[in-house]
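Annotated in TrEMBL:
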DOMAIN    7-405  domain 'Enolpyruvate transferase'
BINDING   Lys22, Asn23  phosphoenolpyruvate binding site
BINDING   Arg92, Asp305, Val327  UDP-N-acetyl-alpha-D-glucosamine binding site
MOD_RES   Cys116  2-(S-cysteinyl)pyruvic acid O-phosphothioketal
ACT_SITE  Cys116  active site, proton donor
Amino acid sequence: MKKYQITGGLPLSGKIRIQGSKNAVLPMMAASVLQKETVELKGCPKISDVFCMEKMLQSLGAQTAWEGDTLQICCREISGELPETRLAGKLRSSILFLGSLLGRSGYGRIGSPGGCSIGRRPTDLHEMALRALGAGVTKTENGITAYAGKLSGNHIRFPKSSVGATENAILAAVCAEGTTVLSGCAREPEVQWLCRFLRRMGASVEGESRGCVIIRGQKRLHGCTFQVPPDRIAAGTWILAGAAVRGAVELDRVPVEELETVLKVYRKMGGQYRVSGDKLFTDSSRVGRAVPYVETESYPGFPTDLQSPLLAAAATLSGKTIVRETVFEDRFAAVRELRKMGARTQIRGPLIEMEKSRLRGAQVAAGDLRGGAALVIAALAAEGNTEVEQVQYIERGYERFPEQLQQLGARIRMIEE
Ligand code: UD1
């Protein structure tokens with residue numbers, strides 16, 4: 001078991017280069033099975049979710065190779081069945097193979113998808129979209145199977161914004177016969193990046209930035225080389241970590257336009273920043289005021305993935321912050337752990353209140369990826385030593401997290417028992 005030992009109380013300063021985006025690259029990896037040549041993903045983050053997705057690709061028959069931070073995926077021969085059902089349970093994005101395998105060969109079978117436990121996470125919208133394209137979908141406790149003699153374009157309206165279901169529908173539709181129109185789609189940047197990537201593979205996809213995606217099915221897609229975009233959630237995590245310890249962090253390769261809402265909240269706390277090209281210079285020396293109310297929302301709203309890191313920073317601000325979680329029903333594991341560190345916080349339904357707290361080192365455990373990052377942020381701001389256990393959750397999405405923090409002057413070390 002791995003854990004982090006952190007001594008709090010030091011400001012962060014220095015430079016960080018933002019890693020490639022986890023939520024953008026995972027759908028691209030799933031999409032690679034739609035073509036029979038080689039896809040090259042440059043700037044691919046070396047995180048455990050990517051390694052797990054790579055294992056799934058290999059178990060489907062793909063050949064993969066790393067050259068530095070470029071991941072090559074050759075999909076000449078692919079089977080429709082993911083034989084190791086256990087693998088699919090390790091992350092949520094495994095469900096995206098249903099859409100892409102259907103698109104490739106009309107048949108996909110995977111184990112039940114997993115992911116961080118942050119709520120119920122049903123798959124009804126994924127199933128609805130695949131059925132609307134002509135697939136039969138059956139779900140058992142062991143997994144999901146989708147099959148179609150032929151996929152045909154259709155008009156599909158999502159009653160609720162879902163990133164994964166939008167991506168799955170697009171993946172299934174790009175090689176379907178005829179035109180598909182998807183409305184009510186999620187507009188998250190990662191959906192938009194998937195569309196750009198698919199166009200590079202020869203797909204005809206448009207309209208994704210407006211939430212209405214029009215796809216003209218193509219017979220065949222081809223290999224391509226693509227640069228994985230920077231991770232807006234990782235960038236947001238660094239901004240909030242800097243805020244919690246009043247640091248001055250320079251972020252390199254930042255998707256500034258994707259962070260508008262996060263930077264607005266940061267400004268309200270008293271944070272200052274300057275943008276130069278894709279660099280963001282943050283100065284948190286004047287951070288101190290609580291932001292009274294923040295609601296998580298689908299893009300371009302405040303991302304639910306930064307709810308826990310925001311609350312960790314909020315524990316250091318004067319006054320009360322109220323955050324309303326509107327996306328997931330049970331994304332509060334970190335809040336419960338933060339209490340062990342002295343956080344004055346309450347959960348009332350979807351509302352979380354956080355008051356200025358005297359954070360003290362404690363023994364805590366990550367229960368999900370972003371909640372784990374929040375515990376590390378709180379530990380950096382706390383008096384004394386904190387041990388964060390179950391850091392395998394953090395490693396799902398953050399590349400070299402302790403090393404990057406050390407680079408900014410934090411006292412953190414990883415212990416493997
Ligand atoms: C993706 C992100 C995750 C982020 C989330 C919301 C990846 C790998 N993960 O997750 O980091 O927190 O978007 O921005 O990209 N829902 C249904 N039925 C479905 C599917 C979803 O009711 O079939 C609900 C979910 O329970 C949730 C909401 O829709 O309440 C949004 O979920 P969704 O956008 O699908 O999240 P993910 O794609 O799983």
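The backbone N, Cα and C atoms fix where each Cβ goes, glycine too.
Annotated features, which come from TrEMBL, shown on the structure.
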residue	record	DSSP class
Lys22	phosphoenolpyruvate binding site	helix
Arg92	UDP-N-acetyl-alpha-D-glucosamine binding site	helix
Asp305	UDP-N-acetyl-alpha-D-glucosamine binding site	helix
Val327	UDP-N-acetyl-alpha-D-glucosamine binding site	coil
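Counting Cβ atoms from all protein chains shown, Arg92 (UDP-N-acetyl-alpha-D-glucosamine binding site) has 20 others lying within 10 Å of its own Cβ. Between Arg92 (UDP-N-acetyl-alpha-D-glucosamine binding site) and Asn23 (phosphoenolpyruvate binding site), the C-alpha separation comes to 10 Å. Filtering Lys22, Arg92, Val327 by Cβ distance to ligand 1 (under 6 A) retains the following binding-site residues: Arg92, Val327.
Asp305 (UDP-N-acetyl-alpha-D-glucosamine binding site) sits 12 Å from Lys22 (phosphoenolpyruvate binding site), taking the Cα positions as reference. Within its own chain, Lys22 (phosphoenolpyruvate binding site) has Pro45, Ile47, Asp49, Val50, Asp231, Ile233, Ala234, Arg396, Gly397 as residues 6 or more apart in sequence whose C-beta sits under 8 angstroms from its own. Around the Cβ of Val327 (UDP-N-acetyl-alpha-D-glucosamine binding site), the number of neighbouring Cβ atoms within 10 Å comes to 20. For the pair Val327 (UDP-N-acetyl-alpha-D-glucosamine binding site) and Asn23 (phosphoenolpyruvate binding site), the Cα-Cα distance reads 16 Å.
Spread of the UDP-N-acetyl-alpha-D-glucosamine binding residues is 16 Å (greatest Cα-Cα distance among Arg92, Asp305, Val327). Less than 8 angstroms from the CB of Asn23 (phosphoenolpyruvate binding site) sit Val163, Glu188, Glu190, Asp231, Ile233, each of them six or more residues away in the same chain.
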